[in-house]
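**Student:** Feature table excerpt (Swiss-Prot):
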- 18-40: zinc finger (ZN_FING)
- Cys18, Cys21, Cys37, Cys40: Zn(2+) binding site (BINDING)
Amino acid sequence: MAKPIIPMPRSRFLRVKCIDCGNEQIVFSHPATKVRCLICGATLVEPTGGKGIVKAKILEVLE
């Protein structure tokens, strides 16, 4: 099987649920800065220089 000319990106958008307040929010899987909950301010995703550490419950991976 031939390799595609333009590879698909490995990064995704994620629908996550805050553990503290239950707010659902869409975040990027490879963030450059800390992503905080819009309601309570809890950290949802921390950057690591690549794929972020998700500290919330992942509900869905968006295409």
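Glycine is no exception: its Cβ is also placed from the backbone N, Cα and C atoms.
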**Student:** Between Cys18, Cys21, Cys37, which of the binding-site residues has the fewest other CB atoms within 10 angstroms in the structure shown?
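**Tutor:** With the binding-site residues Cys18, Cys21, Cys37, fewest surrounding Cβ atoms within 10 Å: Cys21.
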**Student:** With the Zn(2+) site defined by Cys18, Cys21, Cys37, Cys40, which remaining residues of that chain have Cβ atoms positioned within 8 Å of the Cβ centroid?
**Tutor:** Ile19, Asp20, Gly22, Asn23, Leu38, Ile39, Gly41, Ala42, Leu44
**Student:** State the mean pLDDT for the zinc finger (18-40).
**Tutor:** 96
**Student:** Sequence gap of 6 or more, C-beta under 8 Å: which same-chain residues meet both conditions with respect to Cys40 (Zn(2+) binding site)?
**Tutor:** Cys18, Asp20, Cys21, Asn23
**Student:** Please spell out the DSSP helix, strand and coil residue counts for the zinc finger (18-40).
**Tutor:** 0 helix, 7 strand, 16 coil
